[in-house]
Amino acid sequence: MNEIRMAALGLEILGVSLAVIGWIVSIVSCALPMWKVTAFIGVNIVTAQTIWEGIWMSCVVQSTGQMQCKVYDSMLALSSDLQAARALCVIAIVLGVLGLLLSIMGAKCTNCLDEERVKARVMIAAGVTFICAGVTLLIPVCWSAHSIIRTFYNPIVIEAQKREIGASLYLGWGSTALLLIGGGILCCSCPPQQENRYGPPSRMVYSAARSVPHSGLDKRDYLARVLQEEVMSLGLEILGIISCVLGWLLAIVACALPMWRVTAFIGSNIVTAQIIWDGLWMSCVVQSTGQMQCKVYDSMLALSQDLQAARALTVISILLTVLAVLVSIGGAKCTNCIEDESSKSKVMIFGGVLFILAGLMQLIPVSWSANSIIRDFYNPLLPDARRRELGAALYIGWAAAALLIMGGSLLCCSCPPQEKKYNPSRMPYPASRSTGGAGYDRRDYV
């Protein structure tokens with residue numbers, strides 16, 4: 001039995017180590033500006049500079065060894081594969097962090113969880129998370145490689161614009177392999193089979209007069225199991241409330257920031273003396289000297305429809321979150337506002353529903369504004385000076401909506417407790433049978 005446990009522990013350590021190495025390599029692949037590099041073909045065999053292109057910046061390396069890098073001013077001006085690579089790489093890294101936390105909780109060498117079966121299931125969840133991270137990273141890497149190869153063999157594209165596969169793509173493939181292998185190993189953590197502590201039922205015949213005192217072992221196990229369920233339920237509630245409160249704070253920040261739309265640096269706007277920010281309540285102009293001037297909108301009806309709706313929906317989302325926080329405090333297990341446990345669970349579920357509604361109220365205006373910005377950006381009739389980029393407030397709004405929906409879903413898992421009564425096990429005693437001379441007389445029993 002010890003050999004099996006040691007083998008399972010070694011397998012877990014191997015899987016977590018491979019997955020963590022893959023996660024670190026994915027961060028390096030995401031950060032390096034070497035997704036596309038200059039192709040040295042034709043007249044480009046001898047060149048004075050090498051061009052590197054990543055998902056965040058492009059770099060020019062001179063023959064003297066000097067290197068100059070510039071962060072992309074416009075995300076929407078990038079190719080579709082690099083735009084998708086930004087989002088998918090970040091999601092893969094976040095999934096890797098989540099998988100690492102789950103693997104620490106479910107590891108056999110930690111005491112975060114006591115029951116072995118629960119540990120095994122958490123470790124399987126960590127393995128699935130690592131596999132999802134690997135698949136999420138594999139998609140942009142293969143997409144970019146396919147785009148590079150297709151462009152390279154396109155006879156219409158001039159040689160100066162052709163690119164080679166960069167080192168970041170090879171790192172991405174290696175990271176994907178490590179994440180998939182590590183996650184697959186962790187998924188092999190099967191829950192232990194339930195041991196039969198009681199042997200086969202005894203065939204001995206007992207008289208109806210005798211009674212056998214039951215052992216207190218079953219009762220202790222029952223109480224320990226109930227206590228563990230209570231602790232896990234309390235931890236789930238705390239995690240859900242913390243996520244919702246963080247989402248609520250981010251929603252307030254997204255509502256207040258005047259960065260829903262920012263100036264797009266394309267065409268003649270690559271070098272400009274000022275940057276324009278448009279928000280829900282004001283617009284700001286940031287000069288190249290660092291000075292900023294903001295002006296509150298004089299008319300609400302003069303705004304676009306998406307900004308008018310965003311004003312109302314974000315305020316409703318914030319107020320709903322305040323109400324949900326008060327409701328969840330009243331239904332929390334660590335408070336005494338309500339005595340009945342069943343009523344507490346129902347109140348907590350109601351608070352989770354309010355958080356989910358608040359998250360949807362936050363998600364609608366953010367996605368609506370993003371769709372409007374992207375549609376205007378690709379409109380050929382619109383001049384470059386009027387085009388805008390997605391501002392930081394939209395990304396904060398998406399994060400707030402995700403936290404509110406996730407936290408509300410966790411709070412909705414608070415099921416009302418069922419009526420449980422402990423019944424100690426007793427051996428059946430048939431009343432119709434009687435024993436031999438060794439049995440007691442009725443007068444002795446009385």
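The backbone N, Cα and C atoms fix where each Cβ goes, glycine too.
A TrEMBL annotation is a machine prediction, not a hand-curated record.
For 424-446, the entry in TrEMBL reads region 'Disordered'. If you look up TrEMBL, you'll see 12-35, 84-104, 124-149, 169-188, 238-260, 309-327, 347-370, 390-413 marked as transmembrane segment.
Annotation: stretch 390-413 has the most Cβ pairs under 8 Å to the transmembrane segment (347-370), among 12-35, 309-327, 390-413. Long-range contacts of the transmembrane segment (124-149) within the same chain, counting only residues at least 6 positions beyond its ends with a Cβ under 8 Å from a Cβ of the stretch, are 15, 19, 22-23, 26, 29, 35-36, 79, 81-82, 84-85, 88-89, 91-93, 95-96, 98-100, 102-103, 106, 163-165, 169, 172-173, 175-180, 182-189. Below 8 angstroms of C-beta separation, residues 11-12, 14-23, 25-26, 28-29, 32, 35, 96, 99, 103, 123-124, 126-135, 137-138, 140-141, 144-145 of the same chain, each at least six residues beyond the ends of the transmembrane segment (169-188), sit close to that stretch.
Proximity of distant same-chain residues to the transmembrane segment (12-35), defined by a Cβ-Cβ separation under 8 Å and at least 6 residues beyond the stretch ends, is recorded for 52-59, 69, 82, 85, 89-90, 92-93, 96-97, 99-100, 103, 107-108, 123, 127, 130, 133-134, 137, 141, 144, 166-169, 171-172, 174-179, 181-186, 188-189. Long-range Cβ contacts of the transmembrane segment (309-327) within its own chain (Cβ-Cβ under 8 Å, at least 6 residues beyond either end) map to 241, 244-245, 247-248, 251-252, 254-255, 260, 280-281, 300, 303, 347-348, 350-352, 354-355, 357-359, 361-362, 364-366, 368-369, 397, 404, 408. Within the same chain, residues 12, 15-16, 19-20, 22-23, 26-27, 29-30, 35, 55-56, 75, 110, 112, 122-123, 125-127, 129-130, 132-134, 136-137, 139-141, 143-144, 179, 183, 186 sit at least 6 positions outside the transmembrane segment (84-104) and bring their C-beta atoms closer than 8 Å to a C-beta of that stretch.
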